[in-house]
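A.B. asks: Sharing the record's features from TrEMBL:
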- 1-20: signal peptide (SIGNAL)
- Cys30-Cys45: disulfide bond (DISULFID)
- 59-209: domain 'Cupin type-1' (DOMAIN)
- Asn104, His109, Glu114: oxalate binding site (BINDING)
- His107, His109, Glu114, His155: Mn(2+) binding site (BINDING)
Amino acid sequence: MASKFLSLALLAITSSIAFASDPSSLQDFCVADAMNSVLVNGLVCKDPKLVEANDFFFSGLHLAGNTSNAVGSRVTLVNVARISGLNALGISVARIDYAPWGINPPHTHPRASEILTVLEGSLKVGFVTSNPENRLITKVLEKGDVFVFPVGLVHFQQNVGYGNAIAIAALSSQNPGVITIANAVFGSKPDISADILAKAFQVEKNTVYNFQSKF
């Protein structure tokens, strides 16, 4: 009986892992119907008879993003909100522009792995493995280099050149999501208690208040 229960448990675990990604489409396409208010895991399909070429089209990734901000980078994400035809296809793409020494700060994508290609410039990239090792895996990339960030792991990029840098990232979800660590921890609404953050980061509460004031 115990061995049968163990087999069923293992089957449940392996099945959950196998399906832990965007669901596969069961038809040629499932263009998202932005006008439909029904809530589902994903987006409701548009009537195939009403689908047109523009449902699979986006123009604008040739345009540089405005990097005049605190971190010196700009992400232009093309996901299902921009191309409704991405619905149920499990992919999206982003252009990332970096000012000299600009960063794409430490963040995670809860629903996607990422593969990054450098188009211009030099980027220092890296990700951190999960607890307890928290190992930093990092490398400097040049034009034409490609690097992978596994799903859910904290990762970053920094322009280490004196000119602008550009990268293109492909992600394995129509809606990968992003959690920027500093924003989530110090800019939550409402604030996380300063007592909690002070103990977590081993700093004084006034330091926490200072960080929270910036977000």
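Quick reminder: no glycine exception, Cβ is built from N, Cα and C everywhere.
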A.B. asks: Fewest other C-beta atoms within 10 angstroms of its own C-beta: which of the binding-site residues His107, His109, His155 fits that?
C.D. replies: His107
A.B. asks: What other residues of the same chain, not counting His107, His109, Glu114, His155, have a CB atom within 8 A of the CB centroid of the Mn(2+) site?
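C.D. replies: What remains near the Cβ centre is Thr108, Ala112, Phe127, Phe149, Leu153, Val154, Pro176, Val178.
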A.B. asks: For the oxalate site given as Asn104, His109, Glu114, which other residues of the same chain have their Cβ within 8 Å of the site's Cβ centre?
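C.D. replies: My list of surrounding residues reads Ala94, His107, Thr108, Ala112, Leu116, Phe149, His155, Ala169, Leu171, Pro176, Val178.
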A.B. asks: Which of the recorded positions listed here (Cys30, Cys45, Glu114) have a Cα atom within 10 Å of the Cα of His107 (Mn(2+) binding site)?
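C.D. replies: Near His107 (Mn(2+) binding site), where near means Cα within 10 Å, there are no recorded positions at all.
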A.B. asks: Count the other Cβ atoms sitting within 10 Å of the Cβ of Cys30 (disulfide bond), across every protein chain shown.
C.D. replies: 22
A.B. asks: Measuring CB to CB from Cys45 (disulfide bond), give everything in the same chain under 8 Å that is also at least six residues away in sequence.
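C.D. replies: Set apart from Cys45 (disulfide bond) by at least 6 residues yet with Cβ under 8 Å, we have Gln27, Cys30, Val31, Ala32, Asp33, Asn87, Ala88.
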A.B. asks: Restricting attention to the domain 'Cupin type-1' (59-209), give the mean pLDDT.
C.D. replies: 97
